[in-house]
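The structure appears right after this line, and notes come after that.
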Amino acid sequence: MGLLSKKLLVASMVAAVLAVAAVELCSAIPMEDKDLESEEALWDLYERWQSAHRVRRHHAEKHRRFGTFKSNAHFIHSHNKRGDHPYRLHLNRFGDMDQAEFRATFVGDLRRDTPAKPPSVPGFMYAALNVSDLPPSVDWRQKGAVTGVKDQGKCGSCWAFSTVVSVEGINAIRTGSLVSLSEQELIDCDTADNDGCQGGLMDNAFEYIKNNGGLITEAAYPYRAARGTCNVARAAQNSPVVVHIDGHQDVPANSEEDLARAVANQPVSVAVEASGKAFMFYSEGVFTGDCGTELDHGVAVVGYGVAEDGKAYWTVKNSWGPSWGEQGYIRVEKDSGASGGLCGIAMEASYPVKTYNKPMPRRALGAWESQ
């Protein structure tokens, strides 16, 4: 198992089992033809959906949203009933949101008004690897390099979550210790080139982590789903450890082969177009679209594989909580033939570089003293 301990793997598996159990309890809402046959049946379905997802709407808002809920329910049921795609949809917590609200709240948070920071580590370290020599499947969750699924809430912080997945991963690979890191520090403190809940870019976040000496733990600086004052110095008093990186590299754009080279060695941050209805209500299976390449959401690729029907896929960790998709993950079709990969997954991929094999003690990082 190399540097990653068996204890880490067992702990990750236990956490995953508990998360799956919790998801099944809160979000399993069957939908049949009879649920859509009349207004009364649809109202009953809407009430069951609200109860399952613990959504409370006042009377006027409920009536305003009911039309959207009906449209979404018909879209989901029609897709699943046709059965002409290898993935299914379900009525998740976005059930009574229209596309405009969904985009404004949960996607569209990759900042485009400032350029991404150039890589501080030149080149592409995995370029010499032969694709034919790569393992047929990779899953960094099974190797203990991925923390549990998190939830960004109503904050445009996907860029921070995507960044953290990759940094947590390479740190676990290098040190054998899986440490949950703080997205909130990035939201509050990485303000020169990123903009908290209003969006940001993963490349900029990697450079912030490098230039400021590391990233503190989630336990010391927990997530609040809102931008606040940078309190990293105070949080450091409760955290003797900060995770350091040497910088980042970009995966050559639009190359799924190069993305595979990188993912075979570590989790990788990517951007995708996630604002479509099919992505919004994804439940299970290999996602084959519809989606374009208007990149609006940061996620992380933590593996790849081949489904039973022979379709290759990327394993993607999202930040919409464990009740979305496959316990918080989506399998996106790999090698689809689309330029830049399906949903643009290979267009803007990057990953942190870490050679220092131990988490750094906070007291060793003089750069933080001025925070």
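Our numbering is plain: 1 for the first residue shown, then up by one each step along the chain.
The backbone N, Cα and C atoms fix where each Cβ goes, glycine too.
Checking the candidates Cys230, Cys343 against Swiss-Prot, the cysteine paired with Cys291 through a disulfide bond is Cys343. For Cys197, the partner cysteine in a disulfide bond according to Swiss-Prot, taken from Cys155, Cys158, is Cys155. The Cβ neighbour count for His297 (active site), using a 10 Å radius over every protein chain in view, is 26.
Under the DSSP three-state reduction, Cys189 (disulfide bond) is assigned to helix. When the recorded positions His297, Asn318, Cys343 are screened for a Cα within 10 A of the Cα of Cys158 (active site), the ones that qualify are His297, Asn318. Put plainly, the recorded positions Asn130, Asn318 were compared by Cβ crowding within 10 Å, and the winner is Asn318.
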